[in-house]
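One structure is given here, and the rest of the page talks about it.
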Amino acid sequence: MGSRTDPWSARLAKAAEQRHADGGWRQRPTLSDVAPFIDFAGNDYLGLADDPRLAEAQAEAARRLGAGAKASHLVSGHLEIHERLERRLAQLTGRPRALLFSTGYMANLGVLQALCDHHTRVFQDRLNHASLIDGARLAGATSRRFHHRDLEDLERLLARAPDDAPTLVVSDGVFSMDGDVAEVGALAATARRHGAWLMIDDAHGLGVLGEVGDGCVGRAHDRREVPVLVGTLGKALGSAGAFVAGDEALIDHLIQFARPYVYTTAQPPGVAAATLTALDVLEREPERRARLHERSADFRREAGTLGLPLTDSRTPIQPIVLGDNARVMRWAERLARAGLRVGAIRAPTVPKGEARLRITLSATHDDDALDALLEGLATCQREEAA
């Protein structure tokens, strides 16, 4: 009797061939401390990931409490240091409670899976993060996507929805590939008119926007406007993990029903300690945020004089939309040879024809770093013209 054919090998080969043909084959850059580079690709907006105070807090907590939490939060992994961090995050965002998750992706999946099912209707901005799209899909919710930041389109879709269906409106706070900011107040008003809850993922706003770094939601929009607030700890705060903030009933519900929370080992205590230190720095050193916004404005001004195709972003995320995948890769490779790391973003992360360099600014970028980036971009322009 002959062996059965292996359908998986052919399936994987076909997918790889198609991704190569589309010009979207992804590769992981392995970075070395032997060959230093200037990072304009990461999300370390306040420069805290390399701050020695965070590293020391993490090391001290690891020595005292162990390298890992050893169990999930609901078994024996929820330590006093996690409890302290949740209280601080609730305080920062002006919510009664917060709940830690291991990653931002897991937080969004956990919320949507716990709140939604096939009876639920979810309305999402078309440019929402993949974790929000995937979460609604995995929950089995009836999902519709409205045009980017188009409140009239959202209003039209909500008006057509059955009145008896639990409804959730979902949006990024700061859109990670464009750098523009959701109109949170207007979204909240639209959701309330239709009896819907609003969920905002403020991954790129927390630590950057708001009067005290509380994000584009934070204390400016209370839990009645935004019942579900998600934030991440691995971007402006420089550590790792994520959280959901809201009222008592929401957090209790997530503890009971959010499977990515229930069935995951708690984050290492050292990570929680580093995040607590980051929150101290955020509170005591507001000049970091001021410096970040100065750097973003400096880049926009100088890039504008070069005639680079900027978007309307006023955040540290500054995309240069080049359109063509091959062109984006040429520019990124040329910049890499000059010791400059930028994001080369192609479909399916962004729509086809909108490939871009995703440039992110940090409070720690000095004048020399910014000058090197601008000179590198000018060189790309000159070489292309020639």
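Every residue, even glycine, has its Cβ placed from backbone N, Cα and C.
A 10 Å cutoff on Cβ-Cβ distances gives His129 (substrate binding site) a total of 23 other Cβ atoms nearby, all chains included. Marked as substrate binding site by Swiss-Prot: Arg26, His129, Thr349.
Taking all protein chains in view, 26 other C-beta atoms sit within 10 angstroms of the C-beta of Thr232 (pyridoxal 5'-phosphate binding site). When secondary structure is read from DSSP and collapsed to three states, Thr232 (pyridoxal 5'-phosphate binding site) falls in the strand class. Residues or ranges marked as pyridoxal 5'-phosphate binding site in Swiss-Prot (evidence: sequence analysis): Gly104, Tyr105, Ser176, His204, Thr232.
The Cβ of Lys235 (N6-(pyridoxal phosphate)lysine) lies under 8 Å from the Cβ of Asn43, Asp44, Tyr45, Ala203, His204, Leu206, Gly207, each of these being in the same chain and 6 or more residues away along the sequence. As annotated by Swiss-Prot, N6-(pyridoxal phosphate)lysine applies to Lys235, with the evidence given as sequence analysis.
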Spatial neighbours, same chain, of Gly104 (pyridoxal 5'-phosphate binding site) - Cβ under 8 Å, 6+ residues apart: Ser131, Asp201, Ala203, Val230, Thr232, Gly234, Ala242
Integer Å distance between the CA atoms belonging to Ser176 (pyridoxal 5'-phosphate binding site) and His129 (substrate binding site): 8
Residue with minimal Cβ packing [other Cβ atoms within 10 Å] among the binding-site residues Arg26, His204: Arg26
Where Tyr105 (pyridoxal 5'-phosphate binding site) falls in three-state DSSP terms: helix
Neighbouring C-beta atoms (10 Å sphere around the C-beta of Thr349 (substrate binding site)): 16
Three-state secondary structure, which DSSP defines for Arg26 (substrate binding site): coil
Shell of the pyridoxal 5'-phosphate site beyond Gly104, Tyr105, Ser176, His204, Thr232, same chain only (C-beta within 8 angstroms of their C-beta centre): Asn43, His129, Ser131, Asp201, Ala203, Gly234, Lys235, Ala242
